[in-house]
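TrEMBL has this to say about the protein:
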DOMAIN    164-247  domain 'Peptidase M50'
TRANSMEM  130-149  transmembrane segment
TRANSMEM  161-179  transmembrane segment
TRANSMEM  191-210  transmembrane segment
TRANSMEM  222-245  transmembrane segment
TRANSMEM  251-270  transmembrane segment
TRANSMEM  313-336  transmembrane segment
TRANSMEM  373-390  transmembrane segment
Amino acid sequence: MMDENVLYKLSSDIEFSKFSEKEYLLYNQKLHTYTKISQKYYDLLGLADGKRTLIAIREEFQERHNILLSDNQIVALFNRLKKQGVFGYDDSVKQRVKIPNYIKFGFIFLKSNMVSKIVPFLSFLLRKKIYIPLMIFGIIVFCLNLYSNYYQYRELNIVKIFPYFVVLIFVSIIFHELGHATAAHYYKAKHGGIGFGFYLYFLPVFFADVTDIWRLERWKRIIVNSAGVYFEVIFCLILSIIGFFTKNHVLQILGLVISGKALYNLLPFLRADGYWILSDLFNKPNLNFHSFNNLKIMVTSLLKGVRLKFDKVDYFIGFYGLFNISLIGFFFYYQIVLNGKSIIYFPKTIQGILTSLADNQSSMSFRELTKCVSILVFYIIFIKIFTELAKKAFKSIRKK
Ligand SMILES: [Zn+2]
C-alpha cells in the first residue's frame, strides 16, 4: 500500500560511502545499521529531498535516467529502507494541506471540520437497504426522463436559463464531493476538505480529499470512489421528481443534463472517478503508468517475437492503455479531419457567443454547448501535449 501524499526525506543520520564500483553503503549513525545499495538506487535516493512523493520520485528518476520502475518495486524498496531508518524520524513528513498532486493552483474552500459536521447526516444513504433501491429507482427515473424529454433537451435554449443552470450544477458538484466524503466517513476512513483546482493546468475540477481510503479494502474503495456519482443520481432524482410534479420541463431537463455530467465522471480516463474505480478494481494506484507500460511491453514482445509472461490482468491493463490511445486518436481525427473548420474558427465563435450573451439575445442548445466543450477539450489536450514536448526538448537542450 502506498500513501500518495507522503513526502520522502533522507534521515540526517544517514552517511553515504562508496562501497564498490557500482555500490554504495548507507550508514545510520544513530541506529548503527548498514545498508548496501546499487548505483541505481543511490541515484534514486538522491531524489528523496523532502519535496517529492513516491510517485514524483519514480517519475523524475524515469525522466533523468530512463529507467522504468514499477509501483510495486518502488514501494517494496522504500518499505525495506524505511525499516533500516534511511528516512527522517517518523520516516516521512506529511503534507499539511491535502491537495492531490495532479491538481494545480488548488485550494480547500470547505474545511474538513465543516465537512465532518455535514457527513454524519448523509451517511444513512450508504446503507445497503437504501443504496441499492435508490440507485435502481434513480436509473429508472433517468430513463423515463430521457425518453420523454429527449427532443426538448436537445433544443432547449440554455442562455435563458443560464444562471439557474450554473447554480444547480454548482450545488450538484458540492453534493457529489460530499458523497465521496460521506462514504469515507461511513467506512471509518478519514476525509479532508472539499476544494477546487485545475487539472492539466486548464481543466477546472472540484475534489474531496479521501486519500485515507488507501487503507480500506478494495470493494470499500470502489464504493467511496463511486459515491460521488451515486449522490448526483440522488440529486437528479430529486430534481426530476420536483420537475414532474410541478410540470416544470426545465427542471426535468436540468436533471438530465446533470445526470449526463455524472455519467461523464464514470469514464475511466483522465482523473475522473471511473479512473479511480478501475484502478481500485485492478489494485493499481498508478493505473495510467501501468497501462502504457504494459502496452509498450506487449508491442515490443510482438515485434521481437518474444513470449510474454503476462497474466490476464496484465493484458487487460495493456489493452486499456491501447483503448485510451485509440480514443485520443479517434478524438483528434474527429476534431481535425471531420470538424477542422470549427477548430480554426473557434475563437471567433466564442467571441460571437460572448457578444450576443452581453446583448442578451443569443440562443444556444445543449447540443451546441457540447460541441463547444469538446473543441475546448481538444485545445486543452493539444496544448498539454505541446507543452510536454517543449519541456522535454528544453531539458535535452539543457543537458547538452
Ligand atoms: Zn468524484
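Numbering starts at 1 and runs along the chain as it is shown here.
A Cβ is built for glycine as well, from the same backbone N, Cα and C atoms used for every other residue.
Sequence-distant contacts of the transmembrane segment (191-210), counting only residues of its own chain at least 6 positions beyond either end whose CB sits under 8 Å from a CB of the stretch, comprise 98-100, 102-112, 114-116, 119, 173-174, 176-178, 180-181, 183-185, 224, 228, 270-271, 380, 383-384. For the domain 'Peptidase M50' (164-247), residue counts in helix, strand and coil come to 56 helix, 12 strand, 16 coil, using DSSP. Within the model, the domain 'Peptidase M50' (164-247) shows a mean pLDDT value of 86, rounded to a whole number.
If one looks beyond the transmembrane segment (222-245) by at least 6 residues along the same chain, the residues whose Cβ comes under 8 Å of a Cβ in the stretch are 122, 125-126, 131, 134-135, 137-139, 141-142, 145, 168, 171-172, 175-180, 182-184, 187, 189, 208, 210, 213, 216, 251-256, 258-259, 261-263, 265-266, 273, 276-277, 280-281.
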